[in-house]
2 protein chains.
Amino acid sequence: MDQQAKSLEVQSVELTFPSGWRRSHDCGSLRLDHSGQNVVLMGWVQRRRDHGGLIFVDLRDREGITQIVFDPQADAAAHEAAHALRSEYVIAVQGTVRQRPEGMANPKLKTGDIEVLVYALKILNVAKTPPFLIEDDTEVSESVRLKYRYLDLRRPVMQAHLRLRHRAAFLTRNYFAERGFIEVETPVLTKSTPEGARDYLVPSRVNPGKFYALPQSPQLFKQLLMVAGLERYMQIVKCFRDEDLRADRQPEFTQLDLEMSFIEEEDIYELIEGWLSILFKDLLGLELSTPFLRLSYRDALNRYGTDRPDLRFGLELTDLTDLVKGCDFRVFREAVERGGLVKSLRLADGARLSRKDLDDLVHYAQEFGAKGMAWAKLQPDGWQSPIAKFLDPSLRDAIVDRMQGRPGDILFFMADHPTVVHETLGNVRTRLAQQLDLIPKGQYRFCWITHFPLLEWNPDEKRYVAVHHPFTSPLEEDMDFLESDPLKVRSRAYDLVLNGTEIGGGSIRIHREDVQKKIFGVLGIGDQEARDKFGFLLDALQYGAPPHGGIAFGFDRLIMLMTGATSIRDVIAFPKTQKATCLMSGAPSEPDVNQLLELCIRVDKEGR
Amino acid sequence: MDQQAKSLEVQSVELTFPSGWRRSHDCGSLRLDHSGQNVVLMGWVQRRRDHGGLIFVDLRDREGITQIVFDPQADAAAHEAAHALRSEYVIAVQGTVRQRPEGMANPKLKTGDIEVLVYALKILNVAKTPPFLIEDDTEVSESVRLKYRYLDLRRPVMQAHLRLRHRAAFLTRNYFAERGFIEVETPVLTKSTPEGARDYLVPSRVNPGKFYALPQSPQLFKQLLMVAGLERYMQIVKCFRDEDLRADRQPEFTQLDLEMSFIEEEDIYELIEGWLSILFKDLLGLELSTPFLRLSYRDALNRYGTDRPDLRFGLELTDLTDLVKGCDFRVFREAVERGGLVKSLRLADGARLSRKDLDDLVHYAQEFGAKGMAWAKLQPDGWQSPIAKFLDPSLRDAIVDRMQGRPGDILFFMADHPTVVHETLGNVRTRLAQQLDLIPKGQYRFCWITHFPLLEWNPDEKRYVAVHHPFTSPLEEDMDFLESDPLKVRSRAYDLVLNGTEIGGGSIRIHREDVQKKIFGVLGIGDQEARDKFGFLLDALQYGAPPHGGIAFGFDRLIMLMTGATSIRDVIAFPKTQKATCLMSGAPSEPDVNQLLELCIRVDKEGR
């Protein structure tokens, strides 16, 4: 703190809020109409300029910025005191609104036509020079922003994120309350849930040696609320997963969680489409077109190589397996013989890609386990392609025909196990769209993915595991495959995908105890294990559980997509780093020895 | 499950919700007007009666009960299937609404004028006989209710609690959103906060040996949001305290938390009074009279013996110290000489209390550390009292005069240290009111308690501790006593008391770093300790913190008082017992050994 500020602190900084001063307006609301009015404003000094014997201050509060002027003619004491003002000082002023002088209006500010001539000033607090400018485009590392989060959140862009998030939650609660949903708080200190990620544990002092788990989701509780006859439950709720923090995850995250009784899939789809339509209309001014597209898991994989397709652009995959079966080209032929697929992707006007671009793409493809990726540039005079010579001209023509290829296009080919073909071409598809800027801005393309497989084979554990969770209902028409061919059983699960990101997922649940037991059996969960882990759910299913289903949305991610933020950390007030630490508070931290003693636990770093 | 149910399960229970069946009405909405309409209802069998060849079922859903009738003339198959129905079976029916026969209407039911003649039945699930009746007045221990919470919550009274709670939260969010408050989610995995109770700790796997703490309140975060310029923050938020569970506490509880900048006490009072007025009007149909009464801490203690006075009845304490000073009665005289008080409480028409009643009261008084409590029945011919003989007639007259005593009244006297006098007479006052049924039903009497002392002396730790928390602002006019006479300093804290229960509390905070440091000094919190615990708050106060203050309400307790429930467990969906366990899920439970290994902690019950 500089000397001037120090002396000021003693002399004239208010100890308490000046009694009787009441804010008349915020800093975003004054217009020419207010000219001549006496006003009281409060806020932070954005900047101070001294010019022609006057002192100009941009005063900022959460609603905007207003220019205030200190003129010794208007009030000598206020003008004198204003010399002490620095950036981020907190002040209250009384003054008169007036039109700015000819040519001095600032069209970038909502209040740019006026200024306030001050006749009384109170300094409410002083401020050190902040470590970065309180402006939207501040050049500073994220770690400094996180350490000084209380300053970072002063930036208008961050305040806008928090306000949009608030309004989204508010609209969400309104929407569901209007439709008879009851928000019920489920416990945070609870028992392990079966979501599959690691639980955060909480030692119990009263029950030494026992631990609570923080919920990965309220899945069991919301099903129990259906058994309890609540019929329509919703909650915006914190959930916890102790995952290795890849990419853009947080140890605690927020979920919109809901569950309904006496419904089927269409009821959920309609409800959610109505909800998102209201959010997007109110917050972004966009009309969503409903119903959203629906794609079966199988179709999504076949056409886009992924169950999270980005539908803002085409570049669909085409199956060539039947065409190339038994052809001379060994790579294609053998892939088909081994039960694999041969698929292709056509990039219109892709012939402009350089040889280096193509090499990079092939390397990229190899990251997903592909042995290689072939390509062919379609020239007016035929194929330019390393594999052209292996393919009969008639086969080449048949391929171009099916691909609807034109001169100037480029075709990419993958021949491998279906999983590898889809994952690779799916990612190549997205990468091409990004690289060539094929993704239109400001578009939101939703799609429901349905009819997921119920089970997948886990080679490590040598057993079937649930693709979603063990309470997901199988499709009635596939029930007979449960014993004969479990991988063929489709589930009644559904995901909602937005622009290539899964934003929500849910299912119709099993409501019959006998079916739930049968599924546990297929999953290799023995009677004892089922009883230990989910005994209370199995009990509940015996006492008259209604048919029910639900869905959950990652609220942070949805808000991120709606604000255009690049990280969920930018839409969370106090987020953690990838190492799960809070740079501001220093959490987690070393506990007091006595605390651990009381909890009957010891730290033992050797044991690991 | 009985044999009939078992065979039914195989034969006719629906595996999935019957496609194409859509509920047309709920079970609470059909009236005579609907006669002749075809309807689809779904719900639970409340009871079945067979009478005159017909089968009557009371069908229950969350909105009410409707009588449905199976008549072999209407549909033989449905009538046949209905023989299988038992209590709590889940069914769907299609039928026609008709007026009940003459004299069969049930005025206790909203739908009591009609019944539904069924022409199609689907059994959606079977049910074992529940361990208790699904009715409001069910006679069963709380532990059985908690174990089968999903059945307990089916009872209409419990559903009404959850619905009122939901609506209260909804109205609360609306009220504050309309006034510019932004709901911001603060972290659950955080650092110890200074509320003084024990923290729940969460070991970090990624940072071995370090622990998060679950928040006892978002106190620091909401102050940081004010530094961040958010100006108006609110949140309905879970908080956690690992207390020894006395009476009616829960390890996790819900708080309405809010904070505002640029305000003083009156702004908070007005805001909260408006909020509660809306809640009570909407949910209970009651008009609260505002502004609420305000009592200083000192006045509350003097008049009611407590800072949580129940104002639904009188029985105020009267100070006699000046009257009895130097009197002949040793007990009174010496109490005054030792700096104590002599106070009295007059119970009108109290002379009807028996000698046994009085003995019980004296024993009760002794529970609070009183050596004894004297009494005097005022008879037409003078005092009937064990102490009458020690007091001059003129002193007795002066006492009766000050107490406005009349024949038939009884006076109680305490002479002791002020703390003992107040605590004892305060509790005697409440007990008398309960015992003699002096508390009017259905009244809600609010009162603000203000001007608490800032500090109290902790004889164990031999230091001053904050009565509220260390961020509470001292009263400006008392600042000078901070060094000279710290116990004399009053704070800017306030509590809201309803019918003798504290439902909310808050304060204007310290916003100047120099004042905060001075308070830490008086509290004996050294620079290093302050930096370790609250360094980020001290830092934040240096960068332009606005004047701010806030309040927090115990939401569970408020809902309990509004519903008339006798325990907060009855307004929480899945509460824990006094031993902090969940009887339904079995939480907390023994963890997997590998989980502890990964967390680098070991259970060590010997250490304690």
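Placed from the backbone N, Cα and C atoms, the Cβ positions cover glycine too.
Feature annotations, courtesy of TrEMBL:
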{"type": "SITE", "residues": "A:His51", "note": "site 'Important for tRNA non-discrimination'"}
{"type": "SITE", "residues": "A:Gly103", "note": "site 'Important for tRNA non-discrimination'"}
{"type": "DOMAIN", "residues": "A:173-575", "note": "domain 'Aminoacyl-transfer RNA synthetases class-II family profile'"}
{"type": "BINDING", "residues": "A:Glu195, A:Arg241, A:His468, A:Arg509", "note": "L-aspartate binding site"}
{"type": "REGION", "residues": "A:219-222", "note": "region 'Aspartate'"}
{"type": "BINDING", "residues": "A:Arg241, A:Asp242, A:Glu243, A:Gln250, A:Glu502, A:Gly554, A:Phe555, A:Asp556, A:Arg557", "note": "ATP binding site"}
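Within its own chain, A:Glu243 (ATP binding site) has A:Ala197, A:Arg198, A:Arg249, A:Pro251 as residues 6 or more apart in sequence whose C-beta sits under 8 angstroms from its own. Least crowded of the recorded positions (A:His51, A:Gly103, A:Arg241, A:Glu502, A:Phe555), judged by neighbouring Cβ atoms within 10 Å of its own Cβ: A:Gly103.
Residue density at A:Arg509 (L-aspartate binding site): 24 other Cβ atoms are found within 10 A of its Cβ, drawing on all protein chains shown. According to its DSSP assignment, A:His468 (L-aspartate binding site) is coil. Of the residues the record lists as binding ATP, namely A:Arg241, A:Asp242, A:Glu243, A:Gln250, A:Glu502, A:Gly554, A:Phe555, A:Asp556, A:Arg557, the two whose Cα atoms sit farthest apart are 20 Å from each other. In the three-state DSSP classification, A:Arg241 (L-aspartate binding site) falls within coil. Taking CA atoms as the reference points, A:His468 (L-aspartate binding site) and A:Phe555 (ATP binding site) are 19 Å apart. Residue counts for the region 'Aspartate' (A:219-222) by DSSP state, with H, G and I taken as helix and E and B as strand, are 4 helix, 0 strand, 0 coil. Closest in space to A:Phe555 (ATP binding site), of the recorded positions given as A:His51, A:Gly103, A:Arg241, A:Arg509, is A:Arg241, taking the CA atom of each residue.
For A:Arg557 (ATP binding site), the same-chain residues that are 6 or more apart in sequence and have a Cβ closer than 8 Å to its Cβ are A:Thr501, A:Ile503, A:Ile568. Just so you know, the Cβ of A:His468 (L-aspartate binding site) picks up 19 other Cβ atoms within 10 Å once every protein chain is counted. The Cα of A:Glu502 (ATP binding site) lies closest to that of A:Arg241, out of the recorded positions A:His51, A:Gly103, A:Arg241, A:Arg509.
In three-state terms derived from DSSP, A:Arg509 (L-aspartate binding site) belongs to an extended strand segment. With respect to A:His51 (site 'Important for tRNA non-discrimination'), the closest of these recorded positions in Cα terms is A:Gly103, chosen from A:Gly103, A:Arg241, A:Arg509. The CA atom of A:Gly103 (site 'Important for tRNA non-discrimination') is located 67 Å away from the CA atom of A:Arg509 (L-aspartate binding site).
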